[in-house]
Amino acid sequence: MSQAQPLLVRMMNTNIVIQILIGIIAGVALATLAPNLAISAGLFGELFVSALKAVAPILVFILVAASIANQKRGQNSNMKPVIVLYLVGTFCASLTAVVMSFLFPTTLTLVIDAATNTAPEGIVEVINTLLFKIIDNPINALMTGNFIGILGWAVALGLGLHSASDATKKIFVDLSNCISAIVTVVIRFAPIGIFGLVSHTFAETGFAVLAGYSHLLAVLLGSMAFIALIVNPLIVYIRTRRNPYPLVFLCLRESGVTAFFTRSSAANIPVNMALCERLNLHKDTYSVSIPLGATINMAGAAITITVLTLAAVNTAGVEVDLATALLLSLVAAVSACGASGVAGGSLLLIPLACSLFGISNDIAMQVVAIGFIIGVVQDSAETALNSSTDVLFTTAACRKADNPYKPLVQPTN
């Protein structure tokens with residue numbers, strides 16, 4: 001026992017990214033050697049994702065309310081530059097996807113059953129859904145994980161608490177510290193959770209089904225990689241005039257890896273919050289910008305909508321001029337910002353974009369169905385890009401405001 005305990009302590013003290021990599025390797029090995037057992041191990045992944053999703057709504061609500069309630073008058077929260085970075089990044093992603101689709105055009109064989117979910121009829125419906133989510137019942141918003149509604153009520157409560165006594169404000173600060181401590185414990189189980197997710201995915205789905213869509217996946221993943229490694233660093237450099245790559249790789253490693261396997265921006269909010277705290281960012285900023293980013297910062301979704309829409313266009317033999325392609329970029333960017341307000345996310349916004357080219361809903365929904373088939377990779381990569389960019393742009397805005405000469409990466413531990 002005396003020998004086992006130090007080993008356990010050493011394992012717990014190992015960098016969590018290394019632990020996650022070990023979990024990934026172990027998951028692949030288990031799925032290869034014992035597929036049935038690997039499917040059962042998926043329980044660990046489901047528990048981990050459920051725990052993250054359970055703690056995320058209350059974490060966002062308490063942190064945002066406490067942050068706004070305790071904000072001093074005239075204090076700069078850096079939210080405006082963060083939002084600008086979110087919108088610019090999403091539009092650049094959509095433009096990149098258009099260029100990649102023109103350089104490497106994709107056609108599809110539409111011989112599968114159409115997806116059965118109902119897609120939104122237009123951009124007005126998407127905006128309408130988002131507006132109604134803002135005024136959702138606060139209890140229902142917390143229960144259903146409606147982060148737009150949670151943000152709205154948390155901001156309203158925080159503003160209302162401006163005139164409260166210091167003792168009342170202190171209660172919310174203490175509550176936010178308690179919730180943050182719970183999140184820290186949940187995140188420590190990430191290696192086990194990701195082990196379960198990888199085991200289940202490899203054992204149940206495999207990647208043989210993806211071979212037929214290799215070109216489509218290459219365009220999607222290539223576009224996302226270009227945004228993550230070229231465009232986003234360029235945006236950060238223009239904003240800060242400092243080397244962006246240490247921060248880029250940190251965000252991809254510590255936020256993107258977890259998001260890739262959880263496939264949920266909402267579930268990754270606690271992970272991003274913890275990373276922002278390690279980077280010593282302003283709590284007033286990241287407590288709002290991270291959950292907001294999970295809602296509107298959707299570079300990956302913009303790429304998915306654009307690439308699959310142009311694949312449908314190529315398949316239907318429709319000619320696309322430059323003006324229409326630019327319009328598609330704008331529609332995809334705006335639609336992507338509303339992806340969190342649509343059941344099925346970015347995929348079910350594809351028919352909306354296809355309507356620009358007169359493509360029938362039947363064909364568009366078959367493209368959506370292909371999206372679900374490749375979702376094991378597409379959705380994972382999309383979420384990793386979306387979620388890691390939340391931390392990237394939040395850090396860039398905070399560092400620019402703090403000191404323009406300090407390096408971007410300054411973790412406290």
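Each Cβ is built from the backbone N, Cα and C atoms, and glycine gets one as well.
Look at Swiss-Prot and you will find 15-35 (among others) tagged as transmembrane segment, backed by sequence analysis.
Swiss-Prot lists 48-68 (among others) with the feature transmembrane segment, giving sequence analysis as the kind of evidence.
Annotation comment: Swiss-Prot describes 82-102 (among others) as transmembrane segment. Residues 219, 222-223, 226-227, 231-232, 235, 239, 285, 289, 292-293, 296-300, 302-303, 305-307, 310-311, 314, 325-326, 328-330, 332-333, 336-337, 389, 393-394, 396-397 of the same chain, all 6+ positions outside the transmembrane segment (82-102), place their C-beta atoms under 8 angstroms from a C-beta of that stretch.
Sequence annotations record features per position, and here Swiss-Prot assigns transmembrane segment to 141-161 (among others) based on sequence analysis.
For 178-198 (among others), the entry in Swiss-Prot reads transmembrane segment, with the evidence type sequence analysis.
The transmembrane segment feature in Swiss-Prot is assigned to 216-236 (among others). Residues 85, 88-89, 92-93, 96-97, 100-101, 104, 106, 108, 210, 244-245, 247-248, 252, 256, 299-300, 303-304, 307-308, 311, 370, 374, 377-378, 381-382, 385, 388-389, 392-393, 396, 408 of the same chain sit 6 or more residues outside the transmembrane segment (216-236) yet have a Cβ under 8 Å from a Cβ within it.
As annotated by Swiss-Prot, transmembrane segment applies to 290-310 (among others).
What Swiss-Prot lists as transmembrane segment is 330-350 (among others).
The transmembrane segment feature in Swiss-Prot is assigned to 357-377 (among others).
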Considering the transmembrane segment (178-198), which listed stretch of 15-35, 48-68, 141-161 counts the most C-beta pairs under 8 Å: 15-35
Long-range Cβ neighbours of the transmembrane segment (48-68) (under 8 Å; 6 or more residues past either end): 141-143, 145, 147, 150-151, 153-155, 157-159, 161-162, 169, 172-173, 175-176, 179-180, 182-183, 186, 189-190, 192-194, 196-197, 262, 264, 266-271, 273, 283-284, 287-288, 291
